[in-house]
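Listed features, source TrEMBL:
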- C:1-459: domain 'Cytochrome oxidase subunit I profile' (DOMAIN)
- C:12-36: transmembrane segment (TRANSMEM)
- C:56-74: transmembrane segment (TRANSMEM)
- C:86-108: transmembrane segment (TRANSMEM)
- C:134-156: transmembrane segment (TRANSMEM)
- C:163-183: transmembrane segment (TRANSMEM)
- C:195-220: transmembrane segment (TRANSMEM)
- C:232-256: transmembrane segment (TRANSMEM)
- C:262-288: transmembrane segment (TRANSMEM)
- C:300-321: transmembrane segment (TRANSMEM)
- C:341-361: transmembrane segment (TRANSMEM)
- C:382-406: transmembrane segment (TRANSMEM)
- C:426-450: transmembrane segment (TRANSMEM)
Amino acid sequence: MSGTFTKAMARNIFYGGTVFFFLLFLALTFDTTNALPKTDNRQNITPAVAAGKHIWETRNCIGCHTLLGEGAYYAPELGNVYVRRGPEFIKAWIVSQPTGAPGRRQMPNFHLSDEEIDQLIAFLKYTSEIGNQNWPPNIEG
Amino acid sequence: MSPASPAIADRRSTLLWLALLAATALTWAIGEGHASGPAIAALLLAVAMAKGTVVVLDFMALARAPLLWRIVLLGWLALVCALIGLAYWKGMP
Amino acid sequence: MKYQSQAVALPYFVAAIGLFVGQILFGLVMGLQYVVGDFLFPEIPFNVARMVHTNLLIVWLLFGFMGAAYYLVPEESETELYCPRLALALFWVFLAAGALTILGYLLVDYATLAKYTGNDVLATMGREFLEQPLLTKIGIVVVALAFLFNITMTVLKGRKTSITVVLLLGLWGLAIFFLFSFYNPTNLVLDKFYWWWVVHLWVEGVWELIMAALLAFVLIKVTGVDREVIDKWLYVIIALALVTGIIGTGHHYYWIGAPGYWQWWGSIFSALEPIPFFAMTVFAFNMVNRRRREHPNKAAVLWALGTGVMAFLGAGVWGFLHTLAPVNYYTHGSQITAAHGHMAFYGAYVMVVITIISYAMPILRGRACNSRKAQVLEMWSFWLMTIAMVFITLFLTAAGILQVWLQRISDSPMPFMAVQGQVSLFYWLREISGVIFLIGLIAYLVSFFVKDGDKPATT
Amino acid sequence: MHAAKHTLSPSLPAEPRLAGDLAIWIFILAELLAFGLFFAAYAFARAHDPALFAPEQEALNRNAGAINTALLLTASYFVVRAVHAAEAGRGRQGARWLLAALGCAGGFVVIKLAEYVAAFNAGISLSSSTFHMFYLSLTFFHFMHVLLGMVILGALWLNARRGRYGPRDMNGIESGAAYWHMVDLVWLVLFPLVYVIR
């Protein structure tokens with residue numbers, strides 16, 4: 001090799017580069033934090049939505065479904081299920097689980113009260129209204 | 001190690017610096033003259049490439065470096081300018 | 001073994017391998033549930049199996065990292081561990097916490113588990129990979145801090161090498177970014193935004209420091225190449241990893257409600273993310289080619305080289321395949337993501353932990369390397385598991401491409417469940433590959449117990 | 001290093017040599033790759049709808065852009081002089097050139113900040129339009145490189161003042177200089193691309 005290659009320089013570049021790009025990341029995060037109110041639908045977060053998110057989490061829905069494309073890939077995307085199916089269908093679906101059809105994927109029955117199901121639906125409605133660059137490509141998620 | 005004597009090297013850098021400033025003035029004048037079109041874009045890219053080549057070969061001292069390094073850096077410059085030119089051409093009405 | 005206290009690594013490695021077996025068994029359960037939907041329902045619904053599968057992975061890798069640190073730091077620092085008894089106590093605490101958590105998942109209804117572990121005080125559960133009860137999360141922080149204290153004190157009192165410094169940075173980063181798992185706002189976009197500060201900044205950030213440090217350590221040991229050479233490449237590679245990986249976080253911000261510019265920032269920087277992985281592969285092969293000694297532990301060398309190649313394929317190539325925003329618009333949240341996840345985790349983190357285990361375990365058991373017969377079996381297990389993982393990835397990729405086509409690109413898009421039926425052949429093939437992976441894993445376990453006449457040298 | 005060569009007669013052509021540490025050059029290549037991708041992304045996004053970009057591009061302050069180009073070029077020239085001084089064994093004199101380069105870089109920062117203030121007052125943000133997203137992203141990414149370059153120049157200046165650099169120890173100053181020239185090089189493409197080519 002015709003040039004010089006020193007450990008001290010490599011180390012300095014590691015530290016300098018890391019700090020540099022982390023600061024850049026923080027700067028972009030700062031801008032995102034300021035820009036989010038326009039897209040994240042926070043004006044529609046009601047107590048029902050908050051309760052719905054809690055139900056979503058404590059039933060580990062993410063263990064089968066995706067929400068805005070994140071989660072498990074075993075069951076349908078639910079970020080847009082409110083638009084795809086509507087509240088009545090969702091309610092009827094949750095209540096009628098599991099189907100018990102042999103060999104088919106099964107969703108547990110979580111024994112949610114009417115009020116809890118409404119809260120969960122409120123959360124899914126709020127989620128469907130988040131401005132997320134028009135993902136998914138079509139209604140099937 | 002510069003093969004030339006320090007005084008000559010300094011004078012060369014000074015002249016190149018002045019040339020770079022003149023080229024910048026040209027780019028600025030084109031911009032303020034509100035000129036546009038493919039010929040102007042090509043001219044601007046050529047000026048940018050010429051300036052970049054000076055910086056790469058003389059300021060970064062790659063003229064004295066192994067050939068591979070010259071190819072990589074000048075190749076970057078040429079590729080970027082070519083892509084910009086291609087995109088300009090694609091975007092023409 | 002140069003220092004007595006390195007012995008505390010042994011139980012960590014044993015636990016890591018044991019939990020690895022559990023992870024694979026639950027993976028097979030899930031793989032079957034993909035095609036026989038009601039398998040083990042309602043005893044083990046898919047979401048529970050998945051939680052166990054992913055959480056076991058995280059926990060056993062953490063056991064592996066900690067064991068590796070306990071093994072490597074005294075040797076690098078040329079001093080005994082600051083407090084070996086603390087290390088041993090933490091082992092039992094962590095194992096008990098981990099076992100209780102897994103049993104909790106399997107035996108208690110998740111909502112009930114949440115209620116009794118303080119999730120109503122501070123809701124952190126029910127998010128992918130961060131399903132652990134609050135008490136477990138606090139336990140992880142406490143164990144991590146005590147572990148870091150022990151390791152840091154050891155480094156401070158001994159020799160400071162590049163490897164220990166990089167390893168420490170990685171481990172501290174691991175603990176610090178885990179703290180974002182306690183932040184769970186109702187605002188789903190913010191929740192997801194900072195969730196990635198744990199997940200992405202772990203696997204495409206600080207964990208890469210740990211991985212590079214472990215790999216560098218093993219390479220120094222098995223090749224005898226000058227430490228100075230390995231050190232400077234170590235720094236260059238991890239610099240590239242963080243330079244690309246930190247802003248690369250943006251590739252997770254395309255479709256979760258964050259501003260549109262992340263599509264550009266994320267695409268550009270994550271397009272560069274394969275570079276450090278490629279550099280790591282070239283580096284590993286280069287160092288082995290320039291070796292100054294023939295280390296008798298051939299299996300460890302094979303694992304080290306395999307880590308480089310498979311990390312590049314899984315994280316680099318399979319990551320790049322779907323990281324550009326226009327592609328990701330169609331592939332996001334499909335089986336393509338699953339394909340990438342499997343090969344990247346196996347290639348980068350599973351293999352690097354097995355590399356250090358493969359190198360250190362014989363020494364911890366009082367010999368430089370295992371008998372030839374044991375090594376041959378271990379190398380068989382390497383090929384079986386690695387090839388099986390390649391096929392798992394290929395079948396999931398095929399399933400993903402078909403899924404994306406039928407569900408998202410086609411003029412008459414099919415519903416999710418209908419598409420799942422269409423791709424079930426690939427799920428069956430994936431499950432068969434999974435069984436072969438398990439066979440490889442069994443071969444790996446057996447290799448620890450192989451004895452033969454050909455006596456290895458003792459240290 | 002090639003310390004032995006310095007005693008050779010100057011008539012012998014020097015063996016090709018990369019000025020600066022291999023580590024910094026790897027870093028420079030990574031940075032150039034990132035900038036190159038960003039430039040191409042801008043150019044092709046613009047090609048999608050040039051009419052949409054034109055008015056906002058037209059509204060940029062080209063005077064500020066041109067002055068900043070001149071400032072960066074001048075700083076680069078001063079850095080070259082500092083390297084030459086160190087090569088000639090006049091490292092301390094080189095420190096003054098480095099200080100002058102730092103001054104030019106500081107001028108760039110002031111003008112750029114004024115440009116940003118004007119932009120923010122006009123309601124321009126990363127999310128206000130595709131052009132503004134690119135304009136702010138590209139210039140800010142570069143702006144941060146200028147700041148990092150200033151940190152490096154500052155370190156070089158401190159070391160040069162202490163007389164550290166000379167014909168026998170050029171690695172530090174050559175590496176820092178290479179990085180600074182990269183910051184300059186990138187701007188030489190950025191300025192016409194974003195401010196002028198329509």
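Count begins at 1; order follows the chain as displayed.
Cβ coordinates come from backbone N, Cα and C, glycine included.
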Per-region confidence, the domain 'Cytochrome oxidase subunit I profile' (C:1-459) (mean pLDDT, whole number): 96
Region pair the transmembrane segment (C:382-406) / the transmembrane segment (C:300-321), three or more CB pairs under 8 Å: yes
Same-chain residue ranges lying at least 6 outside the transmembrane segment (C:12-36) that approach it to Cβ under 8 Å: 44, 46, 49-50, 52-53, 56-57, 59-61, 63-64, 66-67, 70, 91, 95, 98, 102, 350, 353, 357, 360-361, 364, 420, 424, 427-428, 430-431, 434-435, 437-438, 441, 444-445
Chain residues in Cβ proximity to the transmembrane segment (C:195-220) (below 8 Å; excluding those fewer than six residues from its ends, i.e. six or more beyond): 65, 68, 72, 76, 127-130, 162-164, 166-167, 169-171, 173-174, 177-178, 180-181, 227, 230-231, 234, 237-238, 241-242, 245-246, 248-249, 252-253, 273, 276, 280, 284, 287-288, 300, 304, 307-308, 311, 315, 344-345, 348-349, 352-353, 355-356, 359
Long-range environment of the transmembrane segment (C:341-361) - Cβ separation under 8 angstroms, sequence gap at least 6: 6, 9-10, 13, 16-17, 20, 57, 60-61, 64-65, 67-68, 71-72, 203, 207-208, 211, 214-215, 217-218, 221-222, 277, 297, 299-300, 303-304, 306-307, 309-315, 318-319, 378, 385-386, 389-390, 392-393, 396, 444, 448
Cβ-Cβ under 8 Å with the transmembrane segment (C:56-74): same-chain residues at least 6 beyond its ends: 2-3, 5-6, 8-13, 15-20, 22-23, 26, 80-81, 87, 90, 94, 98, 102, 129, 140, 147, 151, 154-155, 158, 163-164, 167, 171, 174, 210, 213-214, 217, 345, 349-350, 353, 356-357, 360, 364
For the transmembrane segment (C:262-288), sequence-distant contacts whose Cβ falls under 8 Å of one of its Cβ atoms, 6 or more beyond its ends: 204, 208, 212, 215, 219, 222-223, 225, 229-230, 233, 236-238, 240-241, 243-254, 301, 304-305, 307-309, 311-312, 315-317, 319-320, 323-325, 348
